[in-house]
Each structure stands twice: as C-alpha cells, then as structure tokens.
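Participant: Quick one: this structure, given as structure tokens, is what I'll be asking you about.
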Amino acid sequence: MDLNFTPEEQSFRAEVRAFIDAHLPADLRAKVLEGRRMTKEDYLRWHRILYRQGWVAPHWPKAFGGAGWNAVQQHIFHEECADAGAPALMPFGLVMVGPVIMAFGTPAQQAYFLPRILSGEHWWCQGYSEPGSGSDLASLKTRAERRGDVYIVNGQKTWTTLAQYADWMFCLVRTDPQARKQEGISFLLIDMKSPGISVRPIIMLDGEHEVNEVFFDNVEVPVANRIGEENKGWTYAKFLLAHERTGIAEVGRSKRWLKRLKAIAARERACGGGRLIDDPRFRDRIAQVEIELMALEVTTLRVIAAEMEKKAPGPEASLLKIRGSEIQQTLSELLMLALGPYAAPYQPAALDAGYDGPIVGPEYGVAHTGLYFNMRKTTIYGGSNEIQRNIIAKMMLGF
Amino acid sequence: MDFNFSDEQQQFRDSLMRYLREAYDFDARCAIVRTESGWSRAVWQQLAELGALGIALPDAYDGFGGDAFDTLLVMEAFGHALVVEPYLATVVLGAGVIADAGSDAQRAQVLPAVARGERLLALAYGEPAARYAPNHVSTTAKKQGDGWVLDGHKAVVWHGDAADQLIVSARTAGAVADAHGISLFLVDARAPGVVRHGYPTQDGLRAAEITLSGVRVDAEALIGVQDEGLAPLEKAIDRGIAAVCAEAVGAMQAAIEQTTAYLKTRKQFGVPIGSFQVLQHRAVDMYVHAEQARSMAYLAAAKLDAPRNERRRVLSAAKVLVGQAARYVGQQAVQLHGGIGVTNELAISHYFKRLTMLALAFGDVDHHLGRFGEYLEA
Ligand SMILES: Cc1cc2nc3c(=O)[nH]c(=O)nc-3n(C[C@H](O)[C@H](O)[C@H](O)COP(=O)(O)OP(=O)(O)OC[C@H]3O[C@@H](n4cnc5c(N)ncnc54)[C@H](O)[C@@H]3O)c2cc1C
C-alpha cells in the first residue's frame, strides 16, 4: 500500500501545471474563479488552446488524436485544470459521444466526427431525456421511421444542456415501438441545422439559460448517421454512461471552492466581531465538508487505481456521484451563508465579465446564491441520487 | 390551553385565502414580480380593504386591535401564495416599531395611513459590516439645533425602495457595537440626502441600499428614548422573526401540497413515483419538519410579549427550527420534482428560493443557535 504519487506522476503534474500557468488566459481564469457567466467562446478558447497542445482529449487513445494518458494522469490533469480555474471542457463530445464513435462508429463516422470534436468545430449536445422519460430513460418515445436511406424523426427531447450552442446532437430514438422498451431504441447523430428542429430555452431557477427543449418535426436524418445497429442503441447508451464516470465527483473543483470559501470566511466579519472563519459554528461547517472531501478524494483515487488494473467499471461511480454532488451542494451553500444578508441581492447583470455598474455587497459574492440554487441540479441529473442509490443497493449490496 | 383560532379569525383567514387564490395565483405573482416596482399597489389596496393591513394595529389608530396570532394568519397565507408585497417591512416591522415605541403624534401620523394602505415603511437597521447584529451601528445622528443630522449606509433594507418613510437606527452615543447609544428616527424617504439604490432579491422581492448624507430631521423624528433604541429595535426584529416563521410555515405547506400532488401524478417505470417508498419517506420527513415548524411558529407568536430574555430565547429557538425545516422542505421539494424542479417555470423552485431567504432573514441558523445558547441556563 502506498498512497503517494510516483516521481514520474509528480513530474507529470509539474509539466501540466507549468503549461496551464503559461497558457490559461488571465481573463478566462478570473471569470471561472469568480463564477461569472461563461460564453460559448469562453469555453472554446480554452478548448482550442488544449487542442493545439494535443491535450484536449486526455482519455482518447493517441490513434484517434487523444493524449493517450492513463487514469492517474487524467486525474492529475483534471485536478490541475480545476485548481487553476480553467474553464470546464464540455463533456458531450469529448467524454460522451466521442468514445461511442470510437467503439461503435463506422470508419467514415470516425474520420468525419472525431477530428471535429477535437478541434472544437462541432459543439455536441445530449438528446436522451424526454418530458415523460427521465429516470426511466428506456421509455423514451421520440420516433424515428425509416424511409429509404433516411429516418424521419418526430418527438421531443428536454433538459438538453446548452443545445442553443450545439451543432450536433447524439440522440436516442425509438425505431421499433413493438419491441421491449430497451430493445427498440437506436442511437442517431443529428445535425442541429436540419429543417424541422426547433430549440426552446428553459430558464433555470437561477435565471440562467442552461437547458432547452428540442422539438423534432419530420426531421430527416441520414441512415448513415446511425451508430451501430438499428435497435441496439441502448447498448451504446449504456456504454456511454459507463464513460461518464471520469471526473463525476468533481473533486478538483470542490477543492477550489473550498479554498475560496476559506478565503472569503477569513474576510467576512462574524456577528460578535472577529473573522467569520474563527466563528466556531462556521469553522466547524468548513471543517466538516473538508473532511468529507478528503475522504472522497481518496475514494476517487481507489477507483482510479482499480481502473488502472483494468477492473471493469463498476457501481463505484454511483458512490462518487452521490458524495461528489452532495459536497458541491454543501460548498455552494456555505459560500452563500458566508455572505450574511448580502446573500439576498439578485444581480444577474453583474455576472457578465465586462460589467462596471454598481454592485451591492462584496463583489466576490455576486454569484454565490445563484450557485447554491443551481447546484441543486447535481443530485438530479446524470442519474438522480435516488437512482444511484438504487444501483448500489442492487449491485453492491445484493438487494 | 386552546390551539383553535376564533370564528372571527377563521373567517378573516378564509376571506384572505380566497382573495389570494382568485387574484394571486402563480402567474399573477410572476407578472407582478416582472413589473418595474416589483409589487402591486392594486393588491396592496385590496389587502387594506380586506383588513389585512390593519388587523394587528391598535383600534385607536384605525386598526382592528388584533394580536400576534392575527399577524401569523396573514403571514402564513402570504407564505402559501408567495406574496411579494411589502407587508413585513411596512406593517410588521415599521408600524410595529411606531405602535410599540412611537409618540402619540407619530402613531397618529403613521398608523392610520398604514392601515388604509396609503403609507409604506421600511426598517433600515442593517449595515454592510453588521452581518446580523442590530447593535452594530456606525450610522450617526448628531444633534444640530433642535434636530439631528444623519449620516451612514444602511444595507439590504427590505422594500426600502418603495417606502415613504424609513425607520433608521443611528448612533447617538458610544462605540460602534455598543448596546447603549442607539436611537431610532422616523425619516422621510425622499428627504434631501437620502439616496436609495433598489434592487430585486433572489426570491423575487425587493430591497435597497440606502445612504444618508447630512440628512436633517427635526426633534420630533426621534422614536422613543434617545440612546435607548436597541430595545424597541430588538423587539421589532423578534416580531419580524415570528412573522417570517409563520410565512415559512405557509410556504412549506404549499411546497408539500405541490410535491405530494406531483408524486401522485408523475409516472416513471409505469407507476407513479410516489409509489417508491424512499420518496414517500422523504415526503413524510418534509411533513414532520413542517409540523414541528408550525409548533414553533405558534410558540414564537405567543411569546412576543414575554420578558426580554424569555422572548429572545424562544424567538431564536423558533428561528433555528424553522430555518432548518425551511431548508429541508425547500431542498427536497426541488429534488422530488426532478428536472422540472430546478426551472423557473414551476412554482416549486420559487418556494425553494423564498424558503432559503426566509431561513436567512434576521439571522441564519448558526446565528440563532448562538443567540439561544446565551440563554441556555436562563
Ligand atoms: C441541469 C440539468 C441538465 C440536464 N442535461 C441533460 C442533457 O444534456 N441531456 C439529457 O438527455 N438530459 C439532461 N438532463 C436530464 C436528467 O438526466 C433528468 O432530469 C434526470 O434523469 C431525472 O429525470 P426527471 O427530471 O424526469 O425526473 P424523474 O425521473 O421524474 O424523477 C423525479 C423524482 O423521482 C425520483 N425517482 C424516479 N425514479 C425513482 C426510483 N425508481 N426510485 C426512487 N426514486 C425515483 C427521482 O430521483 C426524482 O427525485 C438534465 C437535467 C438537469 C436538471
């Protein structure tokens, strides 16, 4: 047993850190650290910087243009990016559909889509959930009927994250309504510019436009854009869910938020005078979440080590999802509580980086309450925490 | 012992709830929030006509002479309907201070106008560095001739932008956090030197930052006894706590009603999700929290006129318990709705946001645990 990183891993970390220091634009970094509103271009700028370095797809094999790093290196890379305040890389292309195309796509699909995911030319979105099919995803109803060499797609997806930016959607559709529900599903790649697609924004509880409804009205999708076999889409979808596990716990970002929380608690004044961080009740709350996070980090490393030994991806990912989401929620709640009465003002305009109007309360606090509200999503999406508990109950505890 | 409301009180509550059901559904509320002022004068006039504004004000000043339980009924109904109008600021806090500590002249000048819906008030006691401590007062009032000159910055003043008159805490003696040396003043919100920056709050209400620069008021503006303003201020805050506890109880009840209804209709895996026992138990815990909160809201209302220490102890206890309940019920109401719970499109997230802000109002759970602890051996 040795819980330390090897010297090679440590020098890898130093190399990653030096690159980020030299190449992460200061304005982007500031935006991320302060929790300001991110534009499509903000995400893409960092994406392209990593692309030029050959690092944008740490987990992809070199043959497909990835960095070909092992699980420990990937972890170190993500941790360093999160710590530095680098914008998140959108997972939809790189983490989700990319590996599916690599594993099940035709050579033509691989040649066309993979380079464009890497370069950032294509922004992807995930068309799984529907109004009637959330936790019970396999009940999805969006219909695709074959007519010669196209499918005609009709129906509706919802909660589609950042579909307003997307060039392509990977989409689960029903191709055989007669079959058992998991067996009549196909996996299509759909050009978002196709006639008949309309995207309607859904405004989240923090007032931001993050998700959408996507409607399909007789949309033609070439059969050539189907992944793998017809009616086998559920298999590919499950493969994808297993790949969503990397970074699911968001340990790196939570460590950054913890740092920020401590810095702010050292500046905020407690009621009886003195610093908030010295107030025993608030101090204990910080301590409690830090201890949880410490344990989660080691649990994450255990899962990564198992992955290195090529043990099949298991339900540990559910554990990481449960604790990781709860810790994110706690940290965002403490960031809000730290502000005292100044948690109340709603200042959406101040979230734009260029904003130079009046700000109520401390400038560092403008995003915190919205963040607390927004983080409620983390126990709902990606398989709700109730569903994750069902998985552990079944797979780990044998119920 | 009697936990029943009188017939009169029940009739009053029924008529208020009926009005809100008919005229203040979620869509109407959203439309009001989107207006420039963020609240509705028409609704305010209706509330005056229903007697809601004057219900707990003294008979002698055109009120109905009700007690803390009448205020509780109003606040609970408002919580249930997510009302955004400035009732807490104007009636509970503002008129409360004047009725409690004001001179006869101040009462005559302010209270009947409040009851008629013609006067809005705000209690400007918070300051940027005060956090939740009302004794932290760096705003100053200096004697000049017969009157006073006020200077300072008041923070997160609820409905401060709508108010006609402000009740301002200012230091007339002592150091910044001293209990002694605080005085309360009734200040015209449009007086020269008063600058108000109004803004929306996270839950769709309004607040303001207010700066006072050389604001002159005459001797009659002093409320109560010079240098002894903290006692009536603390009392006003405790009345505010009782009121927000009642509001949270109403909001929790609505959130639970809507969540259980959703669990019974939303189907996944071919069954209503309410058939999953884990979700039933979650809803049960929400219910248990809300019932415990209701008990504390009643106790809070009952103890508002108790001796100071007993009052403070119970009001803090209520704020702790209701704050924890509001947090749990709000969070779980969202969680059990799934994706639709985190959108602005359904009322449920607005209940969550209001409950979050109510849990912080007048001090969060930690603050009141600390305050309660001061009276542990009392
Ligand atoms: C911010 C956000 C972004 C999203 N982005 C995307 C995206 O890009 N693409 C996409 O396809 N989807 C996306 N989703 C959808 C997400 O995957 C679903 O919201 C999630 O699967 C839950 O489904 P639902 O919202 O229909 O809730 P429901 O399935 O209706 O669940 C409601 C409640 O019931 C509980 N529940 C359901 N079944 C059970 C059970 N068997 N046992 C116990 N409890 C149960 C749930 O845990 C939840 O608390 C996103 C969601 C959010 C909130």
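Including glycine, each Cβ sits where the backbone N, Cα and C put it.
The domain 'Acyl-CoA dehydrogenase/oxidase N-terminal' feature in TrEMBL is assigned to A:6-121. Sequence annotations record features per position, and here TrEMBL assigns domain 'Acyl-CoA oxidase/dehydrogenase middle' to A:125-219. The domain 'Acyl-CoA dehydrogenase/oxidase C-terminal' annotation in TrEMBL covers A:231-396.
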Participant: DSSP on the domain 'Acyl-CoA dehydrogenase/oxidase N-terminal' (A:6-121): how many residues come out helix, how many strand, how many coil?
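Facilitator: Tallying H, G and I as helix, E and B as strand, the rest coil: 84 helix, 0 strand, 32 coil.
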Participant: What does DSSP give as the helix, strand and coil breakdown of the domain 'Acyl-CoA oxidase/dehydrogenase middle' (A:125-219)?
Facilitator: 6 helix, 52 strand, 37 coil
Participant: When the pLDDT values for the domain 'Acyl-CoA dehydrogenase/oxidase C-terminal' (A:231-396) are averaged, what is the result?
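Facilitator: Summarising the domain 'Acyl-CoA dehydrogenase/oxidase C-terminal' (A:231-396) by its mean pLDDT gives 93.
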